[in-house]
Amino acid sequence: MVTYIEAGAAPYKNTGVIRLYGPDGFEGMRKACRVTARCLDELASRVQPGVTTEEIDRFVYEFGMDHGALPATLNYRGYTKSSCTSINHVVCHGIPNDKPLREGDIVNIDVTYVVDGWHGDSSRMYPVGEIKRAAERLLEVTHECLMRGIAAVRSGARTGAIGEAIQSYAESERCSVVRDFCGHGVGRLFHDAPNILHYGNASEGPELKEGMIFTIEPMINLGRPHVKVLSDGWTAVTRDRSLSAQYEHTVGVTANGCEVFTLSPAGLFMPGVRALGTA
Ligand code: MF3
Ligand code: CO
Ligand code: CO
């Protein structure tokens, strides 16, 4: 059975109940998510051939320190970096290292900042120099998956409506949806109920209610959907080594749809990509 609870009345751990946040929660999330979005904007000009993901991670740490924001991933379940940097066939949770980015790479940078206890979680794809048309198409399809997922959010619908919108579009474009990772409730906690699957059926999952806050973060592959986690315990890669992409926003359910908290102030959500229908 699904239960919902006024956010302030819930214990500070994921017990499976779905928190409903009021105006204070939405305001807290706006602040945290704005810092995250501004950091991701700053990275657009910094992601270049020759730059290492370690350098990117250092920038994420410093930017947080300069803006009253703590990276939520630091010491999270043994993770020791301020960001995840997932290159090419890495699906998610790539660990920043000292290897330089190369022309033609595509890299997802995923940042979660905590500001006044609120978590702002977002990720984007960054092309490194010139990328191949197949890679650019994957970025366009993945971004469109996120946008269609967001468009499905309204109170009264089920979480499955988000997954159905994403899966049907991805597969119509001959891409596949990763099943092993999902979006999640977020707010006071980094990873909370409910899970937001990026596949499935509109008749499934808990009902969306005004005040719910969660991420949508589809991982889409050019090849097959299957992933494996490397021996570092984090890095998830496509089993067939096909390219993978991901975009992530944090959203809150409102009376007439949703508010996207992690929009790019500079209009740089898809830097260097000819987007389908982006402003
Ligand atoms: N930010 C990721 C997400 O979207 C989670 C990263 S957890 C880490 O949920 F430990 F891998 F950093
Ligand atoms: Co997330
Ligand atoms: Co994230």
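Cβ coordinates come from backbone N, Cα and C, glycine included.
Annotated features, as they stand in TrEMBL:
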type	residues	note
DOMAIN	27-255	domain 'Peptidase M24'
BINDING	His93, His191	substrate binding site
BINDING	Asp110, Asp121, Glu248	divalent metal cation 1 binding site
BINDING	Asp121, His184, Glu217, Glu248	divalent metal cation 2 binding site
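Counting only residues at least six positions away in the same chain, the Cβ atoms of Ser83, Cys84, Thr85, Ser86, Cys92, Asp121, Ser122, Ser123, Gln246, Glu248 sit under 8 Å from the Cβ of Asp110 (divalent metal cation 1 binding site).
Close contacts with ligand 3, defined as a Cβ under 6 Å from any of its atoms, occur at none of the binding-site residues His93, His184, His191. Classification of Asp110 (divalent metal cation 1 binding site) by DSSP places it within a strand.
The binding-site residues examined here are Asp121, Glu248; by Cβ neighbour count within 10 Å, the least packed of them is Glu248.
Neighbour list (His184 (divalent metal cation 2 binding site), Cβ cut-off 8 Å, at least 6 residues apart, same chain): His191, Asp192, Ala193, Pro194, Asn195, Ile196, Phe214, Thr215. Cβ neighbours of His93 (substrate binding site) (same chain, under 8 Å, six or more residues apart in sequence): Cys84, Ser86, Val229, Trp234, Thr235, Ala236. Taking the Cβ of His191 (substrate binding site) as centre and 10 Å as the limit, one finds 18 other Cβ atoms among all the protein chains shown.
Residues distinguished by a CB atom under 6 angstroms from ligand 2 are absent from the binding-site residues His93, Asp110, His191. Over the domain 'Peptidase M24' (27-255), the average per-residue pLDDT in this prediction is 98.
Every protein chain shown contributes to the tally, and the Cβ of Glu217 (divalent metal cation 2 binding site) ends up with 24 other Cβ atoms within 10 Å.
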